[in-house]
Amino acid sequence: MSNQSSTSSTSATDTAKTDGEHKLGLIALIAIVVGSMLGGGVFSLPQNTAATSAVGPIIIAWLIAGIGIYFIANSFRLLSDLRPDLQAGVYMYAQEGFGSFIAFNVAWGYWLMTAFGNVAFAVILMDALNQFFPGVFTDGNNLNSIICGSVLIWGYNFLVLSGTKVAGFVNTLGTIAKLVPLVLFVVILGFLINYSQLFSNFWGTAPQIVEGVGNHAKPVSLMSQILAPMTVTLWAFIGVEGAVVLSGRAKNKKDVGKATLLGFLLALIIYILMSILPFGVMPQAELAQVSNPSTAGVLAKVVGHWGGWLMNVGLIISVLAGWLAWTMLCAEIPMVAGQKGAFPRAFARTNSKQAANVSLWVSSFVMQAAMLLVYFSNDAWNTMYNISALMVVPAYITTTLYMAKICLNREYDQYAKKGRKFALVSGILGVIFCLFILYASQIQYVALVPILLTCGLPVFIWSRKEKDDNQPLFQNKEILYLSILLLLDAIVIWLLMMGRITL
């Protein structure tokens, strides 16, 4: 997420809109696609991917993620062409395919993803500032970090409430601030690293990569090394679905598909290079301990202190700029959901500046609560990006399931005369990848997904009662879905009580 990841679908849209009626060519579309995916999290890729993995497993992890994310993005692209009437929100495919309760949970999860993503921004931003003010913002979650992060949350809240018109300019500034230092990072490392060192322990077996310390240290298998970075890869690609919203702004609609593919491949190459080139600077054991944003520590070791300053300044500008778009997105999701009846109508209210004031205030309070919880985390950055990445899975899995569903029941043929088989492959492989991500992720973070979704039940009941249509709170299928969700909650609670997992 991506900023992260994007600045996601909204940031891409905002950028496009700022160009008035000017139509976008292929190069411009590719630039927006890449800019929407590359976020503040990319500055921490070296340490995040190397935590318990060597070069070979990291490359395999990125390739698996690349294939899986491609089919998810392709499902979004195909559905945007097949069902242009379902563009009101990322949850609309869930609404059409699986009903109101599933759609609500998708919208709720996607909203929490953006909220936790903003808090992750705060953590990594404070970590970067700590490089300039050593000891003041230690680990990005000490008291000073919480205070400054909270000030930024509410500062952006009031900025968006004012109906700011500078989103396009700010997003452009953030994209430049990201790309310039990242390109320099890759180019400098490409010329100056020790390639024999990069390939010296390709599979992490000589010496053997271990996790834990002292008597608790244990070797990490090849499969575990591949699985470990998977949540990082998902986090990096959040926002790839946003490219499809540009179809109306393209000179040639066919360019949207090309831009999605080419932009995605370019981002994938950048991610792989950002992850593996640092192994030519320091071994895995040392790289795994570099403080985030780890690109700063890596480049500083190669060229001196100015390299660290460059990466930190780029990150700070990038995050501050991207945070605006993500705050707007965080408010927009429940606002649109409120307009469509998935959330209570109160969330649809706007002020005189057409800003989603109720939605924005609630979103800011949620972010503030998460910011306070960060204070008690031993690894705040990893906690926030893991939770944020996994909360997007319901949106991705329901979209790809809906893609597969309309192909299998031949509904696809009502919208297009060809391409059904490839669309079916995209849907099925997208679903498989989502399930694989859940399997690969750390169980303490996966366990939070049903718990956080259940927290939305009062809001769902509120919105259902507002409709006053004499319908039961839960339809028959929805009772089944609710039962599964509550069963998962019970399993998580049991695992917690038995000490099998710790949050």
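The backbone N, Cα and C atoms fix where each Cβ goes, and this holds for glycine too.
The feature transmembrane segment is assigned by TrEMBL to 24-45, 51-73, 101-123, 143-161, 173-193, 226-247, 259-281, 309-337, 358-377, 383-402, 422-439, 479-497 (among others).
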Near the transmembrane segment (383-402) in space but 6 or more residues beyond its ends, with Cβ under 8 Å, are 1, 4, 41, 48, 71-72, 75-76, 79, 90-91, 93-94, 96-98, 102, 105-106, 109-110, 112-114, 116-117, 119-120, 123, 231-232, 234-235, 238, 241, 370, 374, 377, 426-428, 430-431, 434-435, 437-438, 441-442, 445-446, 448-449, 452-453
Selected stretch (most C-beta pairs under 8 A with the transmembrane segment (101-123)) from 173-193, 259-281, 309-337, 358-377, 422-439:
309-337
Would you say the transmembrane segment (358-377) and the transmembrane segment (173-193) are touching, if the rule is that at least three C-beta pairs must lie under 8 angstroms and be 6 or more residues apart?
no
Between the transmembrane segment (259-281) and the stretches 51-73, 143-161, 309-337, 358-377, 422-439, the largest tally of CB pairs under 8 Å belongs to 51-73
Most Cβ pairs under 8 Å with the transmembrane segment (143-161), selected from 51-73, 309-337, 358-377, 422-439:
358-377
Cβ under 8 Å, sequence separation of at least 6 from the ends of the transmembrane segment (422-439): give me the contacting residues as numbers and ranges.
64-65, 67-69, 71-72, 74-75, 78, 227, 230-231, 234, 390, 393, 396-397, 399-405, 407-408, 412, 446
Residues outside the transmembrane segment (51-73) whose C-beta sits under 8 Å from one of its C-beta atoms, at least 6 past its ends, are 198-199, 201-205, 209, 211, 220, 222, 224-230, 233-234, 236-237, 240-241, 243-244, 260-261, 264-265, 268, 271-272, 275-276, 279, 284, 288, 396, 399-400, 425-427, 429-430, 432-434, 436-437
